[in-house]
Structures are given as C-alpha cells and as structure tokens.
Amino acid sequence: MKTLILAAGLGKRMNSKYPKVIHKIFNKPMINWVIETAKNFGKVAVVLGHKYELVKKVIPEDVEIYLQNQQLGTAHAVMSAIEFVSPNDNLLILYGDVPFISHETLKRLEKEHVKSNSDVTILTSILENPTGYGRIVRDGKIRIIEDKDATEEVKKIKEINTGIYIIKGNFLIENINKIENNNTQKEYYLTDILKFTDNISTVTTNDVDEITGVNNRIQLANLEKKIRRKINEKLMNQGVRIIDPNAVYIDPQVKIGRDTLIYPFTFIEGETEIGEDCVIGPLTRIKESKIGNKVTINRSEVEKSVIEDNVSVGPFARLREGTTLDENVKIGNFVETKKSSIGKNSKAQHLTYLGDATIGNNVNIGAGTITCNYDGQTKHPTYIEDNAFIGSNNSLVAPVKIGKNAITAAGSTITNNVPENSLAIARQKQINKENWVLRKGGQKNANNKK
C-alpha cells in the first residue's frame, strides 16, 4: 500500500510565518509524525503547496514530493500527485495536520479494505458533538453528507467522516478527473469520488484524539496536552510514579523503568531511556540520553549523555552532549560537563567545568576546578588518571595529563603533565607583610570612608 499525505494548506489560523505542518509537537514537525506512521505501510509521498520550500527541508529524502500550485481542494491535491499511483495500488490518504493517527487503526483499515475488496474504505469516528463534520449516512448504501448540506435528521447522526481513506488505484485513476467544483468554494472535494461507486466499506475508531486535526495554536496546545496525559498514564500503568501528571512533559518515544519517581516540572524528550528506581526532578530537563538504574537527577539539565547506575546529578548541574558518567559518580551543584567521560566512583561536587576531559576511577575534582580546553582556535583534551586528587580552584590548561595517584594543590594553574604519585604546586608563594596596613594607614582610611 502507498500513502499520500496532503500538506499544501495555507494554515492561516495558525497566524504564523511558517507553514502549519512544520510546527512542532513533542519537538518534531507534525508532518513527520504522519510520515513515520505511513512508512510502516510502504512508499510515501506528500503534496506540498504553501511555502513548500520550508516544508521540504523537514521531509525525509525517501519521501516523494509533489506540488499543488493552487490550493483548490483535497481532490485537486490528489490530482497533483496522480502519477504516484498505479492501477494495482491501494492508496492511503492522510493529512499532514492530523499527526497522531495510529499504526493500529490504519492496519485495521487496510485489513478491512483488502477483505471487502472495496473501491473505497473510509475511517469513521463517533463524536458526541459532530457539528462541522460530514456525516456517514447508511440507507442501503454508504454516503457522506456535509454538515452544511445536512437536514436536521441527518445532523443527529454522530458517526462522522474523518477524511482518511484507502482507495483502489484503478478506481481513483478512472474517476478523479470526473470530480467537479460545483460548490460555493469552487474547490474539488475528494469526498465527491464516492458518487462513482456503491462498493464502500468503513472502519470506526473510538479514539477521537488520533483523528483530530490542528488548525490553530489553541488546538495544537490542547491536542498535545491530551496526548501527554495518555503518555503519562501509560507509563504509570507500567509502574512509573509520576507525582503530578499535569506537570510532567514526556515525549512518546521515551522509555522509563519501573519504580522510577518523576517530580513535577520535569521534561523528558526524544529517544531517552531511563532505568528502574531512579528519582528525576523536580525542575529537570533530559533530552536524547540513556540513564541507568538508581540514578538521581535533581534540578539539572542532561542532553545527549550516558549515565550508568547509582549516579547522583545536581542540583543545578548541566551535562552537555558527549558526557558519560560511569557507576557511582557524583556530579554536584553548578558543575558543567561536555564531551567528557568520568570513571567509577569519581566526584565533581561543586562549581566545576569539565570539557574534553577523560577522567579515571576514584578521582576527586575540587571545587572551582576548570579544564581550560579552548585556546581560541582549537579544543584540547585533559586526562586525569585513576585515584588522582585535584585541589580546589585549579585551572588545568589543556592539553595536560594528571597521572595516577597524583595530587594538585589548591589554587594551582597546571600547565604541564603531572607524573604518577606526584604533588603538583603551581601558585605564587604567599608573602605576609606584617603591620603593612598600619604603616600605610589603610585600615583607618578605609574606616573613614564608611
């Protein structure tokens, strides 16, 4: 089965300079959610129109693109891509602004289409308030009557047309050009193709959210809120403790182990995996990261990092791309890491920057330590081997290596390698000038200024 995604609309109600279908839901353009689902069934094509150059940038290379130069209705959009369809194909019609249509529902639709050998199979739904939707009328044959054309009796029908169809390729090719624009909008509607056949079947979905389209920013926010609630409830049913599901933001592809506790105002995004018995949050953001078991992350930001078991992070830490923390590592308040690996049982608990650093096991990084990794043109590495002790307020000027069991004294600026089992002191000798303040009258003058 092939899929054609219609995404040429103007999206005026979004009141945006960007096309509607590239607005993001869960940090991904909404059209990409549709494309990913459609790829489960075979080849995919999209019909673009309004500002297509911007939409084209987010379309995968293996998806064919067709242009609808004028937006003259859904049937006209399909006409624009008719060469994508062969007579032996079944064509699934989807929409770029209906992002959460599920694979399971489309699989049922495909199964019914093949089983019934219908010319057209329609996905329908039941709405308590169907106002605005075309109604499915069953009076010996299946028809769609638009809301504006419906009698009071027809308006009582709650089964609606979602606009999602599977159509036989040969039937579509033979009849698409027969559709006329005899309506007030002077547009060509794909629903009119049903006039040319009685061989129609239907499948109904009870999940209204999966067939909900996005027309404005309020609908975008409301739909995302509903989907987030479902995501959180699914995780809770799988054994995750979420204290306040209304204040936790988790993307659909995130995986979280049992007995992990999520505090409010936590954002977990992208292809993130979190193990069991973790404590995450509050006020924490984790993106595209892999986290082991029994990890605590408190009021911190983690991006594209790997954290092994029994690690503690935060509060107010930032793990940037390329960070790897081995088992039992402790990263404390106001510590930042980037492209660095930190070995087992090592600690950096206060006011530290570690960039392009490789740190061994059982290393202690003193408060105020900085790896000076950038010379204005090039990044340089720092190596700290097992059991080293880095004193407080150290500047490690890369490239530099601290050997096993070595110690650097507090306040040092380390510019050369430190051998194993050595103590490095790189600071000026302290000089105390006795009674200097009294001789200069400094203290008296200072007091007079108060």
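A Cβ is built for glycine as well, from the same backbone N, Cα and C atoms used for every other residue.
As annotated by Swiss-Prot, region 'Pyrophosphorylase' applies to 1-217, with the evidence given as sequence analysis. Residues or ranges marked as UDP-N-acetyl-alpha-D-glucosamine binding site in Swiss-Prot (evidence: sequence analysis): 6-9, K20, Q68, 73-74, 95-97, G134, E146, N161, N215, R320, K338, Y353, N364. Residues annotated as Mg(2+) binding site in Swiss-Prot: D97, N215. What Swiss-Prot lists as region 'Linker' is 218-238, and the listing cites sequence analysis. Annotation source Swiss-Prot lists region 'N-acetyltransferase' at 239-450, citing sequence analysis. If you look up Swiss-Prot, you'll see H350 marked as active site, proton acceptor, on the strength of sequence analysis. Look at Swiss-Prot and you will find A367, N373, Y374, S392, A410, R427 tagged as acetyl-CoA binding site, backed by sequence analysis.
Overlay of Swiss-Prot feature records on the structure.
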| residue | record | DSSP class |
| --- | --- | --- |
| L6 | UDP-N-acetyl-alpha-D-glucosamine binding site | strand |
| G96 | UDP-N-acetyl-alpha-D-glucosamine binding site | coil |
| E146 | UDP-N-acetyl-alpha-D-glucosamine binding site | coil |
| H350 | active site, proton acceptor | strand |
| N373 | acetyl-CoA binding site | coil |
| S392 | acetyl-CoA binding site | coil |
| A410 | acetyl-CoA binding site | coil |
| R427 | acetyl-CoA binding site | coil |
Structural state census, the region 'Linker' (218-238) (DSSP three-state): 20 helix, 0 strand, 1 coil
Residues from the same chain, set at least six apart from the ends of the region 'Linker' (218-238), whose C-beta lies under 8 A from its own: 14, 23, 25-26, 99-100, 209, 212, 245-246, 248-252, 254, 256, 258
Close in space, distant in sequence - G73 (UDP-N-acetyl-alpha-D-glucosamine binding site), Cβ under 8 Å, 6 or more apart: N181, Q185, E187, Y188, Y189, L190
Cα-nearest neighbour of S392 (acetyl-CoA binding site) within the listed recorded positions, G96, D97, E146, R320, H350: H350
Residue from L6, G96, D97, E146, N364 whose C-alpha is spatially nearest that of N373 (acetyl-CoA binding site), among the binding-site residues: N364
Inter-residue Cα distance where the pair is A367 (acetyl-CoA binding site) and G96 (UDP-N-acetyl-alpha-D-glucosamine binding site), in Å: 51
Mean of the pLDDT scores, which run from 0 to 100, over the region 'Linker' (218-238): 96
Assigned element (helix, strand, coil) containing R320 (UDP-N-acetyl-alpha-D-glucosamine binding site), judged by DSSP: coil
Euclidean distance between Cα atoms of G9 (UDP-N-acetyl-alpha-D-glucosamine binding site) and N215 (Mg(2+) binding site), Å: 10
Residue among recorded positions H350, A367, Y374, A410, R427 with Cα closest to the Cα of L6 (UDP-N-acetyl-alpha-D-glucosamine binding site): Y374
Of the binding-site residues listed as D97, R320, N364, A367, the one whose CA lies nearest the CA of H350 (active site, proton acceptor): A367
Rounded to the nearest Å - Cα separation of Y374 (acetyl-CoA binding site) and E146 (UDP-N-acetyl-alpha-D-glucosamine binding site): 65
Spatial neighbour of A367 (acetyl-CoA binding site) that is closest, considering only the binding-site residues G9, D97, E146, R320 and their CA atoms: R320
Those binding-site residues listed as D97, E146, and which of them has the most Cβ atoms within 10 Å of its own Cβ: D97
Distance [Cα-Cα, Å, rounded] between G9 (UDP-N-acetyl-alpha-D-glucosamine binding site) and D97 (Mg(2+) binding site): 9
